[in-house]
Ligand code: PFF
């Protein structure tokens, strides 16, 4: 990373825009393109979108802003950052545990994130081959199941992605992120907008998708939908796992964190909605299942692409954009793990990078094998994949989010200048987040 002239002692982003690019590179990922559309489909559309937006505004964005503040004050090492800020405020050392919890959640997410990124890689290569005149790209449920049943193919994809991500990080963390994001972010947005326009023009179903996404039908909502919306608000903004803290560490003291944070949250939300507005017109045009769950992206969408004129090109564009988004998020997650291993084990950055990449690969390999050769093994009745997904999104992220909300509302918010931003953060972090998360955890534990 380039050292800024503002504070030579600490590296800084070369520009504020670079912060927004890098933080969005972390935030925009499989959560936006793979998960958001399928949970909207599973929860009946508009009412869920509204609930999700409320969670983003009420809890997600305030937490994002809070995490960035902690990073700027405490530095780029998760546990030390919380410790340093806590010490300054004469708060307990135990708050350092939030950094460790965040990093452990990141490692758990990495195990399945690397696998789904691998699937995206496999589909991207498939569509590229189809465009170049090779075999037709895989499409439909059978092709997806065949891929899931092939450990060698999945392991190769996980290995390729994890090794590439490890190399990017190994050769200078933030410099790596900046140079990757400088090209990836604009390319991604161009691809996505092009896809949106082409899909709208070819299917003629954009209006229907709009109605589905924005006309609330509250009868389709369940209590579980609240948990899903809340957990996903954290996941998509990379908060609750120190994803944003690290980027805050490289911000200069003059940067307007609330404004930058809101920009990242808006961009992330716009991209999730754009992805859904690409997927649902295809689903409606070809009468595919909108509630197809995690397979929506890999089963329904390629089926739609094969029915569209120039479908292979659509497929290649879409899966390339998704791969870019997944890759930059994977790097961001691995950087959290690297920093935490570095501070905890007191090893060099390069060793910590190797360890983070190794841990990701082992996790990814275990998830892959648990779907194939070890498929008889289950944890609490769930596959390893579902266990990691549910444990992080439904339990650990809300718990660490609650801790961070309490911490930021005590350690950061009181020092902020009076005004609407302080009122917003106080409302979100002191009242809405704790109340929402406690109700969520209670409803899950007791069930109502
Ligand atoms: N926000 C990413 C997504 O929506 O796919 C996931 C993620 C990336 C979480 C990086 C945390 C993180 F640090």
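Going from the start of the chain as shown, residues are counted 1 onward.
Just so it is clear, glycine is given a Cβ too, placed from its N, Cα and C backbone atoms.
According to TrEMBL, the features are:
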TRANSMEM  17-34  transmembrane segment
TRANSMEM  46-65  transmembrane segment
TRANSMEM  94-116  transmembrane segment
TRANSMEM  153-171  transmembrane segment
TRANSMEM  183-203  transmembrane segment
TRANSMEM  229-250  transmembrane segment
TRANSMEM  262-286  transmembrane segment
TRANSMEM  313-341  transmembrane segment
TRANSMEM  353-374  transmembrane segment
TRANSMEM  394-413  transmembrane segment
TRANSMEM  425-443  transmembrane segment
| field | Contact call for the transmembrane segment (17-34) against the transmembrane segment (394-413), three or more Cβ pairs under 8 Å | value | no
| task | State, in range form, which of 46-65, 153-171, 313-341 has the highest count of Cβ pairs under 8 Å to the transmembrane segment (262-286). | result | 46-65
| query | At an 8 Å Cβ cut-off, counting only pairs 6 or more apart in sequence, do the transmembrane segment (394-413) and the transmembrane segment (94-116) clear the bar of 3 or more pairs? | reply | yes
| Taking residues 6+ outside the transmembrane segment (153-171), which of them lie with a CB under 8 Å of any CB in it? | 114-115, 117-119, 121-122, 147, 177, 180, 327, 330-331, 334-335, 338, 350, 353-354, 356-357, 360-361, 364-365, 368, 371-372
| field | Maximum Cβ pairs under 8 Å to the transmembrane segment (353-374) - stretch from the list 94-116, 229-250, 313-341 | value | 94-116
